[in-house]
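**Student:** These came from TrEMBL, pasted as-is:
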- Asp15: active site (ACT_SITE)
- Asn63: active site, proton acceptor (ACT_SITE)
- Asp15, Glu202: Mg(2+) binding site (BINDING)
- 16-20, Arg28, His32, 60-62, Trp64, Arg66, Arg183, 189-191: substrate binding site (BINDING)
Amino acid sequence: MADIHLPQHIAIIMDGNGRWAKQRFMPRIAGHRAGVEAARQVVKNCARRNIKVLSLFAFSSENWRRPAQEVSFLMELFLTGLEREVGMLHENNIQLRFIGDRSRFSEKLCEKIKEVEQLTQKNTGMTLIIAVDYGGQWDICQAARQLALEVEAGTLRSQEITPEKFASRLSFSDLPNPDLFIRTSGELRISNFMLWQLAYSELYFTDILWPDFDENELEKALKHYSSRERRYGYSSEQLKEAARHA
Ligand code: IPE
Ligand code: IPE
Ligand code: MG
């Protein structure tokens with residue numbers, strides 16, 4: 001399928017690990033383990049398809065509400081997953097970045113995150129963003145706080161706060177906004193993912209549970225994306241006219 005129009009940035013809510021495990025009479029953590037394998041595959045497949053940026057929502061600001069045992073299993077899984085996969089990521093020229101509030105992570109996890117970010121920072125292939133303890137509201141709030149500090153310090157006037165200025169203080173400011181948003185498991189909601197950045201993303205929802213999201217499912221999502229007309233407020237006729245003159 002070399003001829004389809006590809007998104008530059010894909011953002012995924014990897015949902016349904018718990019239900020996947022439940023269907024198999026297994027504990028939720030078995031679903032999370034299977035979810036890591038699906039994440040590994042999607043990273044490889046997106047890199048192979050020359051996707052520029054892949055963002056994976058791995059743990060939301062609200063997921064701390066889960067039972068303590070599940071939370072600590074997930075934190076352990078991030079750490080061991082990083083240790084295991086960093087070599088593969090680096091070999092594939094992938095730049096790894098984490099976004100979210102790191103203040104509640106263990107020192108060990110923070111150190112590992114710093115280490116892999118540093119190791120892969122010069123890589124020029126796909127950028128892989130892992131959103132952990134991330135929330136769109138947290139992101140908007142931290143951007144607002146930065147701007148408020150600048151106003152307080154007298155280096156910024158409130159009239160200078162534009163959407164572009166605001167966006168420049170958000171977590172993904174140096175990257176294009178997601179072109180394609182994917183959520184698995186049949187839930188039709190954003191669950192506090194990239195609230196600002198998803199403003200004009202194409203949304204794709206599938207009933208497939210995350211551990212079952214394979215190459216074939218990715219291709220379906222890409223095909224859906226390539227069939228969309230993105231208008232950004234223009235009329236269809238205006239876009240056709242512009243394409244004729246391009
Ligand atoms: C997504 O799967 C992974 C995380 C939120 C960490 P879930 O754990 O939410 O799985 P379901 O939605 O309960 O099936
Ligand atoms: C969203 O899934 C967060 C991640 C996949 C990391 P949730 O399972 O936490 O979302 P809700 O609670 O169903 O909205
Ligand atoms: Mg869920």
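Counting starts with 1 at the first residue shown.
The backbone N, Cα and C atoms fix where each Cβ goes, glycine too.
All TrEMBL annotations are machine predictions without curation.
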**Student:** Work out how many Å separate Ile190 (substrate binding site) and Glu202 (Mg(2+) binding site) at their Cα atoms, rounded off.
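**Tutor:** Answer for this pair: 13 Å between alpha carbons.
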**Student:** Give the distance between the Cα atoms of Asp15 (active site) and Glu202 (Mg(2+) binding site), rounded to the nearest whole Å.
**Tutor:** 18
**Student:** Just checking, which of Gly16, Gly18 (binding-site residues) has the fewest C-beta atoms within 10 Å of its C-beta?
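**Tutor:** Comparing Cβ neighbours within 10 Å for the binding-site residues Gly16, Gly18, Gly18 has the fewest.
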**Student:** Restricting to the same chain and to sequence separations of six or more, state which residues have a Cβ under 8 Å from that of Trp64 (substrate binding site).
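**Tutor:** Same-chain residues close to Trp64 (substrate binding site) (Cβ under 8 Å, separated by 6 or more) are Val71, Arg104, Asp133.
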**Student:** List every residue in the same chain as His32 (substrate binding site), at least 6 positions away in sequence, whose Cβ is under 8 Å from its Cβ.
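**Tutor:** Expected: Asn17, Ala21, Phe73, Leu74, Leu77.
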**Student:** Filtering Ser61, Trp64, Arg183, Ile190 (binding-site residues) by proximity to ligand 1: which pass a Cβ cutoff of under 6 Å to any of its atoms?
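**Tutor:** Passing the 6 Å Cβ check against ligand 1: none.
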**Student:** Give me the Cα-Cα distance between Gly16 (substrate binding site) and Glu202 (Mg(2+) binding site), rounded to a whole Å.
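**Tutor:** Rounded to a whole number, the Cα-Cα distance is 21 Å.
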**Student:** Please report the Cα separation of Trp20 (substrate binding site) and Glu202 (Mg(2+) binding site) in Å, rounded to an integer.
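**Tutor:** On Cα coordinates alone, these residues lie 26 Å apart.
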**Student:** List the recorded positions Asp15, Gly18, Glu202 whose Cβ sits under 6 Å from any atom of ligand 2, in sequence order.
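**Tutor:** Cβ under 6 Å from ligand 2: Asp15.
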**Student:** Anything from the recorded positions Asp15, Asn63, Trp64, Ile190 with its Cβ under 6 A from ligand 3? List those in sequence order.
**Tutor:** Asp15
**Student:** What three-state secondary structure does DSSP assign to Arg183 (substrate binding site)?
**Tutor:** strand
**Student:** DSSP on Asp15 (active site), three-state: which is it?
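**Tutor:** Once the DSSP labels are grouped into three classes, Asp15 (active site) ends up as coil.
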**Student:** Please classify the secondary structure at Ile190 (substrate binding site) using three-state DSSP.
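**Tutor:** Going by the DSSP assignment, Ile190 (substrate binding site) belongs to neither helix nor strand, so it counts as coil.
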**Student:** For Ser61 (substrate binding site) and Glu202 (Mg(2+) binding site), what Cα-Cα distance in Å is obtained after rounding to a whole number?
**Tutor:** 24
